[in-house]
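Asker: Sharing a structure below in structure tokens format, with a few things to ask.
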Amino acid sequence: MLAVVPPPVTVRVPAKVNLHLAVGDLRDDGYHDLVTIFQALSLTDEVTVGASDDPGVEVRGEGAESVPTDPSNLAWKAVRVLAEHTGRDPEDVKVRVGIRKAIPVAGGMAGGSADAAATLVALAALWKLDTTRDELAELAGRIGADVPFALYGGTALGTDRGDRLVPVLGKHPFHWVLAFDKQGLSTPEVFRELDRLRAEGNPPRVGEAEAVLEGLSSGDPRQLALLLGNDLQAAAVSLRPNLRRTLRAGVNAGALAGMVSGSGPTCAFLCEDGDTAVRVAAELAGAGVCRTVRVAQGPVPGARVVGAEESPRPTPPEVHA
Ligand SMILES: C[C@](O)(CO)[C@H](O)COP(=O)(O)OP(=O)(O)OC[C@H]1O[C@@H](n2ccc(N)nc2=O)[C@H](O)[C@@H]1O
Ligand SMILES: Nc1ncnc2c1ncn2[C@@H]1O[C@H](COP(=O)(O)OP(=O)(O)OP(=O)(O)O)[C@@H](O)[C@H]1O
């Protein structure tokens, strides 16, 4: 009898920006307590998982050359975690993961975490598991602090390591410009730099998350712009002083506010509306302060299987006269 091979599953998954990132003290487990507000943006990676006799990971797109394709890839960690959870041998999983990256690598936008979340969703669909999103979120938290949010998307308040999430209601769209830097930054290094700056002095601390939640619910980008804040910004700028120039250039170009996204070095600029975002992006690209510029909006949903109706339409056959 012929075994039926299920078709590969493709999942689209968003990048995140932290609208508010308050970093507490270093804990015994090496993590810091966080109070953060995530927003998922329309800058997405695509992850395809299919049955294969040649298991492994392949990566193309933005920054692909700096992404590992060995088992240290966060997507492969997700394969192993879900295999173990379902009683399969994690050393013998016959699937291939294809990642198409648009989220900058080591850019503070949780790209690797997004790929891990997408892999959980794709593999659960490929294996026809009836795991709930909450169960997947528990597995996601074992892979990394940013992975659970990529499953849910939208806007959410994160506490503990940033992985205990409560959704924030409100669907007002906000318009962003993202400036990618020439090279990535290591997340643990940025947290260490913040600890060092705090041991030496008193770097600025963000205010309360409640004000940001109110700004979000107003839907007014001008109000929200005044409230954005990131405790890791001082550390990222200390490691990458050129970010100061990038932040200034975005605001000079007409953004309402600019901030370092998460652990950086990507800078995120909040704009009044979509047209302004396009103008700010063009001016920023011409200013020569960063490698690449993108426009995005948020909030968008978390990791989703790309449905047949969303697939690119087949190209009609060419007809020669
Ligand atoms: C900076 C943020 O992107 C904000 O959302 C996240 O806190 C980082 O999340 P992530 O990259 O998924 O982090 P993980 O892969 O879990 O952890 C990488 C390293 O970052 C540091 N880390 C991360 C999260 C956290 N709450 N405290 C930390 O100190 C730790 O040194 C940890 O070993
Ligand atoms: N699928 C993946 N995509 C990108 N990087 C990956 C992946 N798997 C493992 N990595 C490794 O993880 C490191 C961090 O990558 P990632 O793009 O997730 O950083 P980040 O966006 O700064 O993370 P975060 O915002 O969650 O702190 C990279 O330098 C890379 O070596």
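Each Cβ is built from the backbone N, Cα and C atoms, and glycine gets one as well.
Among the features that TrEMBL reports, active site is placed at Lys16, Asp146. Positions annotated as domain 'GHMP kinase N-terminal' by TrEMBL: 73-154. Residues annotated as ATP binding site in TrEMBL: Pro104, Val105, Ala106, Gly107, Gly108, Met109, Ala110, Gly111, Gly112, Ser113, Ala114. According to TrEMBL, the domain 'GHMP kinase C-terminal' annotation covers 213-286.
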Asker: Counting distance between Cα atoms, which of the recorded positions Lys16, Ala106, Gly108, Ala110, Gly112 is nearest Asp146 (active site)?
Answerer: Ala110
Asker: Can you list which of these recorded positions (Lys16, Pro104, Ala106, Asp146) have a Cβ closer than 6 Å to ligand 2?
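Answerer: Only Ala106, Asp146 meet the Cβ criterion.
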Asker: Within 10 Å of each Cβ, count the other Cβ atoms, then let me know which of the binding-site residues Pro104, Gly108, Gly112 comes out lowest.
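Answerer: It is Pro104 that, of the binding-site residues Pro104, Gly108, Gly112, has the fewest other Cβ atoms within 10 Å.
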Asker: Just name the most isolated of the binding-site residues Ala106, Ala114, going by other Cβ atoms within 10 Å of its Cβ.
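Answerer: With the binding-site residues Ala106, Ala114, fewest surrounding Cβ atoms within 10 Å: Ala106.
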Asker: Which residue counts does DSSP yield for the domain 'GHMP kinase C-terminal' (213-286) in the helix, strand and coil classes, in that order?
Answerer: 41 helix, 11 strand, 22 coil
Asker: On the three-state reduction of DSSP, what should I expect for Lys16 (active site)?
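Answerer: Once the DSSP labels are grouped into three classes, Lys16 (active site) ends up as strand.
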Asker: Which one is it: of the binding-site residues Pro104, Ala106, Ala110, whose Cα lies the shortest distance from the Cα of Lys16 (active site)?
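Answerer: Comparing Cα positions, the closest of these binding-site residues turns out to be Ala110.
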Asker: Could you please provide the mean pLDDT value for the domain 'GHMP kinase C-terminal' (213-286)?
Answerer: 97
Asker: Residues other than Pro104, Val105, Ala106, Gly107, Gly108, Met109, Ala110, Gly111, Gly112, Ser113, Ala114 within 8 Å, Cβ to Cβ centroid, of the ATP site?
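Answerer: The surrounding set, listed in chain order, is Ala15, Ile103, Gly184.
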Asker: Less than 6 Å between Cβ and the nearest atom of ligand 1 is the rule; apply it to the recorded positions Lys16, Pro104, Ala106, Gly112.
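Answerer: What lies within reach of ligand 1, judged by Cβ under 6 Å, is none of the recorded positions.
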Asker: DSSP helix, strand and coil counts for the domain 'GHMP kinase N-terminal' (73-154)?
Answerer: 45 helix, 8 strand, 29 coil
